[in-house]
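Taken from TrEMBL, the feature transmembrane segment covers 12-35, 47-68, 74-95, 123-154.
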Amino acid sequence: MTVSLSEALLGVGVAAGIVNLVGIWSSISGVTSYYPLGEKNRWFHVFWGLTHTLNGTLLGVGVLQFGTLELPSWLFAFGAAATIVGTVVVLISTFDLGMEQTQGLEGELQTNGLYRYSRNPQYVGYILTTVGYGLIVGSPFAIPLCGLYLAWWFSFPLAEEPWLRERYGADYERYLKRVPRFVGVRTVQTLLNQWDGRWAN
């Protein structure tokens, strides 16, 4: 039995994605302290090595199987729009948070910029880009790989929140009550209040 390059990439990507996901959920359940990273130890390099592996395999199957699903053009356009918007959100929120904290290293609590509207604007952006990329490439093997990434984005905050509570205490508790995990009614309310304030001035 011959394994194609696309199949090999899929297998490697799924393995990398599952290992990281198991590590994240073992941290959520309190079994390990795999994630959040906090400092540059061995888990930092394991986590980012697996992340880059999934990135590479997702890019590879996207190139090798581009357009295989023959999705309608409106889905391609939607995917392109989601990718552009998501990328902008990721870049702005990365600038707001800083590169070291984006990598998972400890720093100051960030509540300004896009973090006024969402506690996890980077993940909101990555969710958009993940969905958008999947629609753009139209690759059947990209579906499970994108699915693993989406599982990461929705799982990360569950592991991070206890860690953030421990480090930032009452400041984080107040922030948590004021700003939603991703986006929600409070996001809209904050935007509307700022809009009204600008008009009032």
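Cβ from N, Cα, C; glycine included.
Automatic, uncurated: that is what TrEMBL annotation is.
Within its own chain, the transmembrane segment (47-68) is flanked in space by residues 5-6, 9-10, 12-13, 16-17, 19-20, 23, 34-35, 37, 103-104, 133, 136-142, 145-146, 148-149, which lie at least six positions past its ends and keep a Cβ under 8 Å from the stretch.
Outside the transmembrane segment (123-154), and at least 6 residues removed from its termini, the chain residues within Cβ reach (under 8 Å) are 6-7, 9-10, 13-14, 17-18, 20-21, 24, 54, 57-58, 61-71, 75-76, 78-91, 93, 182-183. The list of residues near the transmembrane segment (74-95) in space but at least 6 beyond its ends in sequence, with Cβ under 8 angstroms from a Cβ of it, reads 102, 113-115, 121-122, 124-136, 138.
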